[in-house]
Amino acid sequence: MAEHHDHEHDHEHQDGDVQRVVGELPDPGKGTARPITVVGNPVLHRETQTVTAFDDDLAALVDDMFQSMYAAEGVGLAANQIGVDLKVFVYDCPDDEGVRHVGHVVNPVLEELPAGRRTLDDSQEGCLSVPTAYQELARPDYAAVTGQDKHGNPIRVEGTGFFARCLQHETDHLYGYLYIDRLSKRDRKSALRQMADGTPKYATVPND
Ligand SMILES: [Zn+2]
């Protein structure tokens, strides 16, 4: 997911306090940034494969995904956004309370929300695979994802506000959906027009 263009970095309003981080920061010396696939590339529009091998290749993929996300200044990235057909996403994303969430999820499944827990938040959303476009999209303001870590251990990640949006956005990617697929026809058109008019500040994979 792309950083909200109006979304100030939370550490800027922390007034010198140490920012709270939930999760483990990646080793900055590991991994290589790869170019980002964009809307129209088939790998983004179909469900990705379930991960079955929790090996060194998977760990290296997670490292590359973090580097790719940071190079593009995103707050979340799914494996198919660097052209890899596997169910993995990474994130380094603030919530609305200024807590920074960092981590990865393999084979994520979004938990169904109890009916009473569905409060919608209609903030703006963007995506590294729809460069330079932003559009309002209503989503539940709470999300929980279950899956595995890169070693195969079961994990559960939950979040609120902007981070809840990120968890839903990244899980959607791995099932072949972009956020623009959830927009009205008119808003989708507007997002694609913004993308056509803009120039991404990071390397992308050209579509044939
Ligand atoms: Zn995205």
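Cβ coordinates are placed from backbone N, Cα and C, and glycine is handled just like the others.
Pulled from TrEMBL:
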ACT_SITE  E170  active site
BINDING   C127, H169, H173  Fe cation binding site
COMPBIAS  1-18  compositional bias 'Basic and acidic residues'
REGION    1-35  region 'Disordered'
Name, in the order they occur in the sequence, the residues of the same chain whose CB lies under 8 A from the CB of H169 (Fe cation binding site) and which sit 6 or more residues away.
M1, G76, E125, C127, Y179
C127, H169, H173 excluded, remaining Cβ within 8 Å of their centroid (Fe cation):
M1, G76, A78, Q81, L128, S129, E170, D172, L178, Y179
Name the residue among the recorded positions C127, E170, H173 whose Cβ has the smallest number of other Cβ atoms within 10 Å.
H173
